[in-house]
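What follows is a short report on a single structure.
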Amino acid sequence: MTGDNRRHLSYTNTFTLNYRFSPMDSWCGKLLTSILLLPFIAGNYRRRQNGSGYYDCIISSRVLFLVVLSIVIVFTASKKIPSHSEIRLGFVLILLSLLMIFAVIGFCVQGYLVHKHGLQYIVAARRNASTPKLQVVFLWLFGLASAFYCAFFVSKQIECSKNTAGGYLWNILFYFNIILLLCLFSQMFVITYFSPYELKQTHLVNYSMSLLLVANVCMFVYVTLVGETILFVIDRNPDSDIANCLENNSTISVLLEKSNPILKPNFTEFCLLSCTILLEIWSPMKEVQLLDEETSYLEIGGIEHTERLPLLSNFTASEHRRSGNEGKRTACQLITLVFSITAGLGLIVCYVVMAMDIGNIDYMRNVAEIYELALKVIIVLAVFIGFFCLVSYCTPDTSPEDLKPSEYVYLLSAFGLFMMHICEGIGGDMSFNNAFMATSILSIVQNYLQVVFLLHANRCKKSDPRLKIHLLESILIFIMICNFIFWFNNSFLLSEFSITRMLEHDNFPTELSSVVYNVLLPVSVFFRFTSFLEYYATFEKYNK
């Protein structure tokens, strides 16, 4: 081995040592990473040329997108439900506004970096595309038409707000349209500037573009489902001063009425074309390759470290440690299994009592909801402990790869489950059942964390193959058994006995209840069973 190679190996080993024992690798740092960072940045682990590592958020971003899209779909589609419909639609508008605001902030930061460091700081290469200019021309046409429609709507709101007081939804609509105008022009300028290039994969670019994509898709879904906003406001308050103002024949009203069939469809075209161009200039599927020179140093360092290990002593130590810890390992797994089955049987008993119509059904429903709420709180805590184990005892796979087709099917079933929980939350809101609402909200959080944890754990491996992580194995067993219990409840009790269903009351529309229990419930059953199988496979992976 030459002197240059030795110097490079020394530098690499020194950097690896410093990286391994950085402040974030302390116990407190690992705890903060597992609770505050990893659930939201989980994905493939990649390394930059300087040796630092980062996650590409390929897992967490997709699951978060499904959660946001579920909220937009269910909250908007339930606008005809009279109870708290304005609050739900206002929440959707606030959510979309936040996405757009953070995306615009990301654009501003990118512009500052380009101004300070040059275009090469953001841009990776020039695109080999023949139609970027034509795409940009149509993008501006659609964008300006959408901006005119928003401007007319804001002008009408200003006109009607002079002498009348608008409600909750009316005020949110006003600020939403202003933010939308800002986002439209920011988006058009950014896409025009970067359309000839391909963007680099950095945290800032990934966050900004992903937020913008989510906002565009969700706004398209919202506009499609909500229909004519002015008519909705008039129908909700037919005798109010706002409705009278919207129905008068002022100049702005005439402009809105005449331009609506022409300008409003352009908003859909703008959202879809914007998403198309964004995915062309920035693709989250791109792989970040290490330089050959750097890769060779890492490989040589690993080989040198392996050659220094005495084979016989390792074998002896491994055998001694295995024989000494096998009993403890089996005991931990059995205790976890017994506890999981016992906790799950309590929930099954509650549902069986409801199915057999024993005692006061309302009382048993409250008991079942409180029991399920407590069980899901424990699952959330278990998932965070599992993240801590992955940070402490495992290393992520550095080979960048996209999700597998089976994982996309799994995410699609999670999408149906998210929508089902949101529908249940609406039902709890209508019946003023606080435990039911709390369980529905916590269920969304629990299933989000569960999906991210499972997919991320499949992309990690033990730092030492001989290491036995009893706590992580117990966590996997507990979540696996809980998903089996939920699968049993949904398949044989919730599906077959309507008395166990919480949405079967007069205030909840029959059509929506039918969708929940005939479409979304079978999807959630598939999700629970697939989760049980996938967690078992992951347990087998770490149990070796």
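Quick reminder: no glycine exception, Cβ is built from N, Cα and C everywhere.
Database features, via TrEMBL:
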- 27-46: transmembrane segment (TRANSMEM)
- 58-77: transmembrane segment (TRANSMEM)
- 89-114: transmembrane segment (TRANSMEM)
- 134-155: transmembrane segment (TRANSMEM)
- 167-191: transmembrane segment (TRANSMEM)
- 211-234: transmembrane segment (TRANSMEM)
- 331-354: transmembrane segment (TRANSMEM)
- 374-396: transmembrane segment (TRANSMEM)
- 408-428: transmembrane segment (TRANSMEM)
- 434-457: transmembrane segment (TRANSMEM)
- 469-488: transmembrane segment (TRANSMEM)
- 515-537: transmembrane segment (TRANSMEM)
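Beyond the transmembrane segment (27-46), the same-chain residues lying 6 or more positions past its ends with a Cβ under 8 Å from any Cβ of the stretch are 53-61, 64, 201, 288, 383-384, 387-388, 390-392, 395-401, 448-449, 452-453, 455-456, 459. The recorded stretches the transmembrane segment (89-114) and the transmembrane segment (134-155) do not share 3+ CB pairs below 8 A when only pairs 6 or more apart in sequence are counted, and are therefore not in contact. Contact between the transmembrane segment (58-77) and the transmembrane segment (408-428) is supported by 3 or more Cβ pairs under 8 Å, counting only residues 6 or more apart in sequence. Across 134-155, 167-191, 211-234, 331-354, 434-457, stretch 331-354 shows the highest tally of CB pairs under 8 A with the transmembrane segment (469-488). Nonlocal intrachain contacts for the transmembrane segment (434-457), taken as residues 6+ away from its ends with a CB within less than 8 angstroms of a stretch CB, comprise 38-39, 42-43, 59-60, 63-64, 67, 366, 369-370, 372-373, 376-377, 379-380, 383-384, 386-387, 390, 394, 396, 403, 407, 410-411, 414, 417-418, 421-422, 424-425, 427-428, 476, 479, 483, 502, 527, 531, 534-535, 538, 542. Tertiary neighbourhood of the transmembrane segment (408-428): same-chain residues 62-63, 66-67, 69-71, 73-75, 78, 81, 88, 434-437, 439-441, 443-444, 447-448, 451, 502-503, 505, 508, 512, 515-516, 519-521, 523-524, 526-527, 530-531, 534, selected by CB-CB distance under 8 Å and a gap of 6+ residues from either end.
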